[in-house]
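Down below is the structure, laid out as structure tokens.
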Amino acid sequence: MASVRRRQYVLAGVLAAVGVLTAAVLWNVVGTLFFAVTVAYVLYPVRSRLVARGVPRRMASAVVTAAAFLVVLVLLAPIVVTLFQRRGAIVALLNSLPEELTVELFGFVVPLDIGSYVSAATTALRSLAITLAADSVFIILQLGMFVLVLYGLLLRPRAVGVVTFEIIPAEYHDIVTAIHRRITGTLYAIYVIQAATAVLTFPIAFVVFYLLGYPDVFVLSVISAIMQFIPILGPGLLAVGLAGYDVLIGMPERAVGVVVLGPLLIGLLPDLIVRPQLASSRAKLPSSLYFVGFVGGVLTVGVIGVIAGPLVVAVLVEVVDLLGEEGGQKKGMS
């Protein structure tokens, strides 16, 4: 028995080493693989329901994968359209700002060079559009890899779990299960709740910006939907920026309107509508911790951090909770 356990530990070490080597070799697509794994986590219950209703395993995996691919395309399409077809409108909006703004505070007159910031933002926007166009083939290949990896994970979803439970001693299986539940709940909150909130944000923002008289409501609505993924701040940050823009061009009434209606209708209303319908006890993650994970993850690992940051923080919270429970049990026994 001891030799079998030793053999399992050796194989686990080999698996870890090969995993690190694989990550190093495939570093440029690690983000794609990570997103595929996390999406598979969320979609596994859907695939299980289809199989339980008599749908063949391969067919169920293919249907769920195709649906996920279509959802990704639908969500990415407005962003691509905004960057390529509407980038001229965004540049025109930036260029309409004054070159310089004079601010008087406590008797001191401070000139603010708005033109340099506008020039930098315009250059960055054009550079991003050009980069996306140049890397279009690579992006298509990444989408293809995402689909293949997602299908493979849904086809054999229990393989990793079986290996994990074989390696880890039985007395620690409850810890693995608790962490697994926390990961599932966190990913559900990020993908399902936040994505549904972002989708609902678009039409609400479209109506609000149209009524306030902004020139390109489509662009602003897309930006608002994307910013729903930024915890705490969200579209409210865009509302503050638009209010500052309105003050610069001499429209203080609209500035007040967007500061009031933006956070309430665009930022808060979609969350109030969606979260009670989709939230569950397993999906709860405090906004403050979500914000720390989001910002820290993005600043550390880039786009992957949108998911990885909150996920790591959630696992840390779960481990702390488990330690607290262990300490409470020991005190109770003593």
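Heads up, the Cβ atoms here are built off N, Cα and C, so glycines get one too.
All annotation found in TrEMBL is predicted automatically rather than curated by experts.
Features of the protein shown, as given by TrEMBL:
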TRANSMEM  9-42  transmembrane segment
TRANSMEM  62-84  transmembrane segment
TRANSMEM  105-125  transmembrane segment
TRANSMEM  137-155  transmembrane segment
TRANSMEM  188-212  transmembrane segment
TRANSMEM  218-243  transmembrane segment
TRANSMEM  255-274  transmembrane segment
TRANSMEM  294-323  transmembrane segment
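Proximity of distant same-chain residues to the transmembrane segment (218-243), defined by a Cβ-Cβ separation under 8 Å and at least 6 residues beyond the stretch ends, is recorded for 78-79, 82, 86, 89-90, 93, 194, 197-199, 201-203, 205-206, 209, 255-256, 258-259, 261-263, 266-267, 270-271, 287-288, 290-291, 294, 306. Using a cut-off of 8 Å between Cβ atoms, the transmembrane segment (137-155) and the transmembrane segment (9-42) share at least three residue pairs, counting only pairs 6 or more apart in sequence.
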